[in-house]
Amino acid sequence: MVLGLDVQNQAALLKVVILGLISFVAIASRLFSIIRFESVIHEFDPWFNYRATRYLVSTSFYEFWNWFDERSWYPLGRVVGGTVFPGLMVTSATIYNILHALNFSVDIRNICVLLAPTFSAFTAISAYLLTAEIKDSSAGLLAAAFIGIAPGYISRSVAGSYDNEGIAIFLLMFTFYLWIKGLKEGSAFYGALTALFYFYMVAAWGGYVFIINLIPLHAFVLILMGRFSSRLYVAYSSFYVLGTLMSMQIPFVGFQPTRTSEHMAALGIFGILQIIAFVELVRSHLASNQFQILFKSFIIFSFVAMFSALVLLTFGGYIAPWTGRFYSLWDTGYAKKYIPIIASVSEHQPTAWPSFFFDLQMLIFLFPAGIYLCFRELRDEHVFVILYGITASYFAGVMVRLMLTLTPIVCVTAAVAVSRLLDIYLDVDNLETERSVDRPESDNKDNKDKDNKDNKGKHKKLKEGTSRSSLIQSNQSKIFGIKGFDTRAIVLMNFYFFLVIFVWHCTWVTSNAYSSPSIVLASRRPDGSQFIIDDFREAYYWLRKNTDYNSKVMSWWDYGYQIAGMADRTTLVDNNTWNNTHIATVGKAMASSEEVAYQIMRRHDVDYVLVIFGGLLGYSGDDINKFLWMIRIAEGVYPDEVKEGNFFTSRGEYRVDDEATPTMRNSIMYKMSYHNYNELFGGQGQDRVRSARLPSEKIKLSTLEEAYTTENWIVRIYKVKELDNLGRSLEHAAAFNSGKKRRRTKTSKKKSTKNG
Amino acid sequence: MRQILSIVFFVFAAFFFIVESKSTTGSRVLVLLDKEDDKNLYTKFFESLEGRDYILTYKTASDPSIELFSYGERVFDHFINFAQKKDKTDNITPTSLISFVNNGGNILLAISSEITENIRIFARELDIEFDERDTFVIDHFNYNISDDGKHTLLVSNNVVNNEAILSKEVIEGPPVLFRGIGHKAGTVPLLTKIMRANDTAYSYETKDGQVVDQEPLAIGNSIGLISALQARNNARVTFVGSLEFFSDRFFDSPVQKFNSSKSYPRSGNEAFVNDLTKWTLQEKGVLRVTSRSHHKEDEYEQLEVYRIKDNFIYTIGISEYVNDQWQPFNGNDVQLELIMLDPYIRVNLTALPTTKNNHARKYEAHLQLPDVYGVFTLKVNYKRPGYTYIVDTTTITIRHFRHNEYPRYISAAYPYYTGAASMGIGFLLFCFIWIVNKDAGKTAAEKKKTN
Amino acid sequence: MRLFFVYIVALSWQFFVLLFCTIVSAQEASERSFVITDLKLAVTTSDSVRKLTESVVYPSSLDKPIELSQGDNFKIIFTVQDKGTKKGIQPHQSMLILSSNQTGNQIPVIVTVRDGGKARAELDMKSAPEDLLSSPGSYSLNLIIGTFSHNNPIDYHIGTVNIDVPYTSSVPIKYGPKPEIHHIFKPDQKLPSIIISYSFVIIVLSPWLFLIGAWIRLGVNVSFLISEPRSLPAIISFLFTLLAIEILFYNYWTHLNIFQTLSWLSGLSILAFLLGQKALSDVQEWRLKGLR
C-alpha cells in the first residue's frame with residue numbers, strides 16, 4: 001500500500017504520471033527551434049496557415065469560410081475557404097478564443113508555434129490508448145514514449161512547424177483507436193465518435209483518404225477471413241454514414257466522397273456489409289444447402305453488378321478517376337513525366353533507404369517483430385495493425401512525406417515487440433506464475449466481450465482461433481522458457497542499451513536536422529561561433545516597409561506564402577499550386593528574355609521580382625538550381641516558347657559559366673541572379689553553389705532595376721520599370737542613359753555637288 | 001548680379017504669380033536666344049505670351065548660368081528655345097532636356113537649318129529625325145511669291161485637323177508661311193504631326209548647279225514641318241522646323257502662292273502660333289478626372305468587393321480646360337474597360353447632360369459584372385491625340401458566391417426536401433406510436449424476442 | 001589706234017549682248033517650263049523575262065495599272081527638255097513618287113538625269129524600300145520635275161502601279177476608340193424538368209402507404225395514452241422537444257448559422273434528454289409491470 005492506494009490504483013496513478021512525463025518530453029523535445037532561434041513560424045506552408053489563422057481570428061468564422069483572397073494568385077485570386085483544410089486554423093482560433101475568454105492574452109503566433117508540440121502530447125496519449133487495445137497498457141506506455149520522440153514524427157511537428165500534419169497525426173491515431181474500440185465493442189456510440197474524429201481529420205488534412213481506405217480495407221479483410229459480425233456491421237455502418245455526411249460539409253471535399261475513385265472502396269464495403277447482413281438474416285430463416293447456392297450466386301452477382309456500375313460511372317464521367325497525385329503513388333515515375341509541378345517538390349520524391357533508419361532508428365528493426373507478434377494473436381485489431389503496417393510502409397517508400405503515416409504504426413508495433421520481450425525477460429517469477437498473471441487478463445477481456453454480445457455461431461471460429469493460439473503460446477513458453485538470471489540480464493541490458501541509444505539518437509536528430517526554421521539559416525564561422533543568416537526576413541521586411549501596400553511581387557511559387565505572410569504583399573503564385581498555367585506563366589517569364597518577360601510582367605501588373613541567389617554563400621536551394629523545374633513546368637504549358645533543350649549546352653550540361661547557352665544567359669532569371677555580381681569580385685564572379693566562374697561581360701538589365709539585395713545576396717529584389725515616358729523602348733532608354741547616343745536610322749547620305 | 005536678380009525674380013514669380021498663369025502647369029518660362037537683341041525679331045510672339053501672364057526669362061545661349069534644375073527641382077515650367085548657334089552651354093544637353101520633360105516641363109523648340117547636334121540628338125530620342133544641316137524643305141509647287149528663288153518659303157495649310165490642338169479658325173484660316181528644315185517623325189503613338197509638307201515637297205540643300213541624286217530624308221507628306229510629342233506624363237514637346245515662323249516679319253507678311261491668284265493680306269502665322277503655344281504650354285487640350293465612383297445598381301455605397309454577376313454602375317467625371325477655365329468635357333468616345341489579364345468588358349460610357357454650374361461632365365456605364373472571380377481593374381484609358389492622357393484605374397475584387405448566397409430551394413431537389421420532411425415526420429410519429437401502442441396479440445416473452 | 005577702237009567696240013558689244021542675254025533670260029525665267037519626251041517603261045521579271053514595255057506620251061497617262069510583284073524590276077527612261085529651247089536640262093528635283101492609294105504614304109524613286117536631259121529611273125523590287133515591300137496595294141505613280149530656275153514644275157501622273165507582295169506590315173499603335181467587348185456569360189445550369197422532380201416526390205412519399213397500411217393491419221392503437229394519463233405530460237413534452245429540434249433544423253436550413261444552431265441545440269438536447277429519460281422510464285415501468 002503506497003499513498004493508501006491498492007495495487008490497481010497505484011498502477012493507474014503510475015500510468016497517469018508516466019503518460020504525463022511522456023507528454024512533457026514530447027513537448028520539450030520539440031522546443032529546440034524556439035530556444036535556438038525564436039518563436040517563429042517555419043518554412044513555407046506554415047506561413048499560409050498562420051496568415052489564414054490570423055485572418056480567422058481577426059474576422060469571423062463565416063468570413064473565413066467564404067474568404068476570397070485577392071492578395072494571392074494575382075489577378076485570379078484564390079477562393080481560400082473552398083480550397084483549404086480549415087481544421088488547423090479553426091483549432092488554433094478556438095484555443096485563442098478560449099484563452100482570451102479566460103483573459104490570457106496570448107499572441108496568436110505563439111499559439112500557432114506551440115500547437116504542433118501540444119498535439120504531439122495528445123498523439124502520445126492516443127498511441128497509448130491504441131496500443132493498450134492491441135496488447136496491454138505497458139506496451140501502450142512504450143508506444144507513447146516512442147511516438148513522443150520518434151524523429152519521423154518530430155520532423156513535422158517541431159515548434160513553429162504550424163502545418164496540418166501537426167494535428168493530423170493525432171487525429172489519425174485517435175480515429176483508429178476509436179475504430180478499434182468501436183469494432184471491439186460493436187458500439188454505435190464509438191462508431192459515431194470515430195466518424196466525428198474522422199470529420200475532424202477531413203477538416204485538417206488531405207491524408208484523411210488513408211483512413212477512408214484503410215478502415216474499409218480492414219473491414220473487407222475481416223469479411224474475407226470470415227469474421228463478419230454484427231459488431232463490425234454496427235461500427236462500420238455508423239462510422240461510414242455519419243463520417244461521409246460530415247466530411248461532405250468541408251467545402252474542399254464537397255461531393256468527392258460520392259464522386260471520386262479514392263472514396264469508392266468505402267462505399268463498396270458499405271454496400272457489401274449491407275448485403276452480408278441481409279444474407280445473414282435470410283440464412284437464419286433458410287436451410288443451409290439452399291442457402292449456400294443462394295449466397296454464392298448473390299455475392300457474385302452483386303459484386304459484378306457493383307463493379308460494372310463503378311466502371312460505367314467512371315467512364316460516364318460521374319466518378320472522377322484517380323487523381324495524378326494518387327497515380328504517382330503507384331508509379332513513382334508518373335509525376336516526373338506528366339505533372340512536373342508535383343515532382344518538383346522534394347518531399348514528393350521516393351524515400352531514400354537511409355532515411356528510414358534516420359527517422360525511426362531501431363524501431364524499424366522491431367517493426368517486423370511487432371507485425372509477427374500481431375500475426376501470432378490475430379484478433380480483429382491485430383489484422384488492422386498488420387494492414388496499416390503493410391500499406392503505410394509501401395507509401396512511405398514511395399513518397400518521403402508519407403514517412404509520417406508510417407511512424408505511428410512502427411511505434412505501436414515496436415512497442416508491442418519490446419513489451420513482449422520485456423514481459424518474458426523481465427518477469428522474475430517462474431513460468432507458472434507468469435502464465436497465471438498473463439493469461440487471465442486477456443481471457444477476461446475476451447470473455448467480457450463475448451458476454452456483452454449475444455453469442456451466436458459466427459463467433460465460434462474466433463473463439464477457437466484465440467484459444468488455439470493461446471494454447472500454442474502456453475506450450476511454447478513451457479518449452480522455451482528462460483530461467484537463467486544471467487541470460488535475462490544480458491538481453492535486458494542489451495535492450496536497455498538500445499533504448500538509451502534510441503533516445504540519444506532521437507534527440508540528436510531533432511536537434512540537428514529538424515529544428516531549423518529554414519527562414520533563418522545557421523552556420524558556423526571558422527572559429528566555431530554561430531553565424532545567423534537572416535537574409536529572407538531581411539528581404540521580406542524590406543518589402544514590407546519600403547513598397548506600396550498594393551505592390552505585386554513576382555517570385556517562384558516556393559516563396560509565395562512567405563511573401564504573403566512576412567512581407568504582406570500581393571503575390572502571383574504561391575505554394576498552393578492550384579493553377580498550373582499561372583505557375584507556368586511565371587516560369588516562362590523567368591526563362592524568357594527581357595522583352596518577353598516584360599510583356600508578361602506588365603500584363604500581370606508586376607511591380608517587384610524576387611529571386612533567391614545562393615551563389616555568394618553556397619546556399620544550394622536557390623532559384624538557379626530550381627530553374628530547370630521552372631523551365632519544365634513552363635514548357636508543359638508553352639511548348640513553343642520555352643524549350644528545356646535550349647538551356648543545356650551541346651554536351652547536355654547545365655552551365656552558368658562561359659559555356660552557358662545564349663538562351664540561358666538571356667533569361668531574366670540568370671540576369672537577375674548574376675546582375676552586378678562580377679563587380680562584387682572586381683572581375684569575374686565565382687558561383688560557390690555551382691563552382692563556376694562567371695562570364696566576364698557585364699550583365700545589362702533594361703526593363704528591371706535592382707531595388708534591394710540582402711546582406712549575403714541570398715534574396716535579390718528587382719523593380720519592374722514603367723514604360724518609357726517618351727515612348728522609347730526601355731532598352732533604348734537605358735542605353736541612352738548610359739551615354740550611348742542613338743545613331744541615325746538611315747545611313748548618312750553623302751552629298752555630292754556636281755559641277756555644272 | 002543680373003543672375004541673382006533674375007533668380008530673386010523667379011522666386012517671386014514662383015510665389016506670387018504662379019496662380020495667375022493661364023497654363024495649367026505653371027508660368028515660369030525660360031526663353032533661350034542666340035543674342036539678347038534677337039528678342040526684337042519676335043516682339044509680337046513674346047508680347048502675346050506675356051499677355052497671357054507668363055513670366056519670361058530671357059537668356060542667351062552662351063550664358064553659363066542657365067539651369068533647368070536647381071537642387072533636383074525643376075525651376076522652369078516651360079522652355080522655349082530660339083537659339084541656333086553651336087551651344088557652348090553644357091546645361092541644355094539632350095539628357096537635361098529629357099529629364100526636364102520627364103519632370104513635367106514643356107518644351108517649344110524652334111529650329112532652323114542651322115540645327116545643333118544637341119537638339120538633333122534630343123529629337124532622335126523622341127523618334128524625330130531632322131534632316132542634315134543646311135537643308136531646306138523645298139517645294140516647287142507651293143511657295144510664296146516673295147520667295148528668293150530657292151522655293152523654300154513655303155505656303156502651307158496642310159495642318160492637322162484636330163481641334164484639341166488648333167482651333168477651327170486656324171485650320172480653315174489663311175495659310176502659314178514656313179521656311180526651314182524638315183524632319184521625319186516616327187510611328188510612336190505619342191507623336192502628333194501638326195503640320196506637314198505638301199505632296200510635292202522634298203528636303204534638300206539649295207546650292208546652285210546641284211541635282212538631287214541621293215534619296216532625300218523625306219519627301220512629300222512624310223516631311224514633318226511641325227511635330228509634337230506628348231509624353232506619358234503629359235509633358236509636351238513641340239518641334240517647329242522654322243525659326244522665322246515666329247518672327248514679326250512672317251506674322252505680318254501677305255501670302256500668295258505662286259501660280260495662284262488667291263492672296264491673303266496677312267499670313268495665318270500669328271493665330272497658328274497662338275494656338276500652338278497654348279497647346280504646348282498646357283492651356284488647351286488639357287483634361288482631368290474630377291471624380292469617379294462605382295456601386296451596385298440598387299445601392300449607393302462604393303464597395304471594394306463585388307460579387308459575380310452583380311449589376312454595377314460606374315461613373316467618372318471629366319473636365320476640360322477651355323478658355324482659361326475648367327469646363328465639362330464634350331468628348332463622346334470615353335470607354336471603360338474591365339480587365340483581368342485581358343479585357344472582359346469594354347463599353348462606351350454614356351455622357352450625362354450637365355448643368356451650367358458644372359465644371360465636369362459625368363460619364364456613366366451600367367454593366368453586369370462577369371461570372372468570373374478575381375481582381376479586376378476598371379480602367380478608363382482615354383488617349384486621344386491632342387488631349388492629355390487619362391489613364392484612370394481602380395481595382396475591384398469580384399468574389400464568388402458566399403456559401404449562403406445560393407438558392408435554398410431548387411426545383412430539382414424537391415424529392416430531397418420531401419425525403420427529409422417525410423423522415424422527420426415519420427420519426428416523430430414512430431416515436432409516438434412506439435410509446436403509446438399497446439401490442440394486444442402477443443405475450444411479453446415473444447415481444448422481448450422481436451425487440 | 002583704230003585697232004584699239006575696234007577692240008573696245010567689240011568688247012562693249014559683247015558686253016551689251018551679254019547684258020541683253022541676261023535680261024532676256026531673266027525675263028524668260030518667269031515663263032520657263034519643261035517638256036517630257038520619249039517616255040518608256042519596262043518591267044522585267046526576276047528571270048529576265050520582259051513582262052511589259054510601254055511608251056507614253058506626255059501628258060497622257062497609262063490606262064492599265066502596272067503590276068509589280070516580288071523580284072520584278074521596273075525601269076523608266078525619258079528625256080526632259082526645256083520647253084523653250086528644246087534643250088535637255090538637269091532639274092534639281094526629278095523624282096518618281098509612288099503614293100499609296102490606301103494609306104497616303106509616299107515613296108520616292110530618284111531619277112538620274114544626265115547632261116543632255118536623258119533621264120533614267122529604276123525600281124528593283126529586290127532592293128525596294130521597306131515601306132513598299134511591307135504594304136501591298138495600288139499606288140499612283142507620279143513624276144515630279146522642278147527646279148529653281150523654272151517656275152512651272154511638272155507633276156505628271158503616269159499611271160497606277162499594283163504592288164503584289166505578301167502583307168507583312170505591323171500596324172503602328174494609334175490612339176483612338178476601340179471596339180466594344182461584351183462578356184459572354186456561362187449558360188445557367190440546366191435543371192431537369194419539374195415533372196421528374198414531382199414524380200420522384202411521389203416515389204419518396206410512397207413508403208407512407210406501406211407504413212400506414214402495415215400499421216392498420218397490425219392494429220396500431222394509442223391505448224397507453226388513455227390508460228396511463230399520469231405519464232401523459234412527460235410523453236407529450238418529450239415529443240414536443242423532438243419536434244422543436246426538427247424545427248430548429250429547418251431554421252438552420254433557412255436562416256440560422258451553425259453557432260446559433262448549436263447553442264439552441266445544446267439547450268434543447270439537454271431538455272430532450274431529461275424528458276426522454278422520464279418518458280422512457282415510464283415505458284420501462286409498463287414493461288416491468290407486464291403491460292406491454
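Every residue, even glycine, has its Cβ placed from backbone N, Cα and C.
Note that this is a predicted model, so its numbers are computed, not measured.
According to TrEMBL, the protein carries these features:
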- A:12-32: transmembrane segment (TRANSMEM)
- A:13-413: domain 'Oligosaccharyl transferase STT3 N-terminal' (DOMAIN)
- A:80-99: transmembrane segment (TRANSMEM)
- A:111-131: transmembrane segment (TRANSMEM)
- A:137-154: transmembrane segment (TRANSMEM)
- A:166-183: transmembrane segment (TRANSMEM)
- A:195-225: transmembrane segment (TRANSMEM)
- A:232-252: transmembrane segment (TRANSMEM)
- A:264-282: transmembrane segment (TRANSMEM)
- A:294-320: transmembrane segment (TRANSMEM)
- A:356-375: transmembrane segment (TRANSMEM)
- A:382-400: transmembrane segment (TRANSMEM)
- A:436-455: compositional bias 'Basic and acidic residues' (COMPBIAS)
- A:436-469: region 'Disordered' (REGION)
- A:489-510: transmembrane segment (TRANSMEM)
- A:552-609: domain 'STT3/PglB/AglB core' (DOMAIN)
- A:736-756: region 'Disordered' (REGION)
- A:739-756: compositional bias 'Basic residues' (COMPBIAS)
Mean of the pLDDT scores, which run from 0 to 100, over the domain 'Oligosaccharyl transferase STT3 N-terminal' (A:13-413): 87
Stretch contact, the transmembrane segment (A:356-375) with the transmembrane segment (A:80-99), Cβ-Cβ under 8 Å, 3+ pairs: no
Cβ contacts under 8 Å made by the transmembrane segment (A:166-183) with residues that lie 6+ beyond its boundaries: 87-88, 91, 115-116, 119-120, 122-123, 126-127, 129-130, 133-134, 147, 153, 156-157, 189-191, 193-194, 197-198, 200-201, 204-205, 207-208, 210-211, 215, 218, 231-232, 234-236, 238-239, 380-381, 384, 388, 404-405, 407-408
Spatial neighbours of the transmembrane segment (A:489-510) far in sequence, C-beta under 8 Å, 6+ residues away: 29-30, 32, 149-151, 154, 158, 358-359, 361-363, 418, 421-422, 425-426
Cβ contacts the transmembrane segment (A:195-225)/the transmembrane segment (A:232-252), at least three under 8 Å, sequence gap 6 or more: yes
Interface present between the transmembrane segment (A:382-400) and the transmembrane segment (A:294-320) (three or more C-beta pairs under 8 A): no
Best-contacting stretch, by C-beta pairs under 8 Å, relative to the transmembrane segment (A:232-252) and drawn from A:80-99, A:111-131, A:137-154: A:80-99
DSSP-assigned states of the domain 'STT3/PglB/AglB core' (A:552-609) in counts, ordered helix, strand, coil: 33 helix, 7 strand, 18 coil
Same-chain residue ranges lying at least 6 outside the transmembrane segment (A:111-131) that approach it to Cβ under 8 Å: 19, 22-24, 26-27, 30-31, 34, 39-41, 46, 49-50, 53, 88, 91-92, 95-96, 99, 137, 139-148, 153-154, 156-163, 166-167, 169-170, 173-174, 176-177, 180, 408, 411-412, 415-416
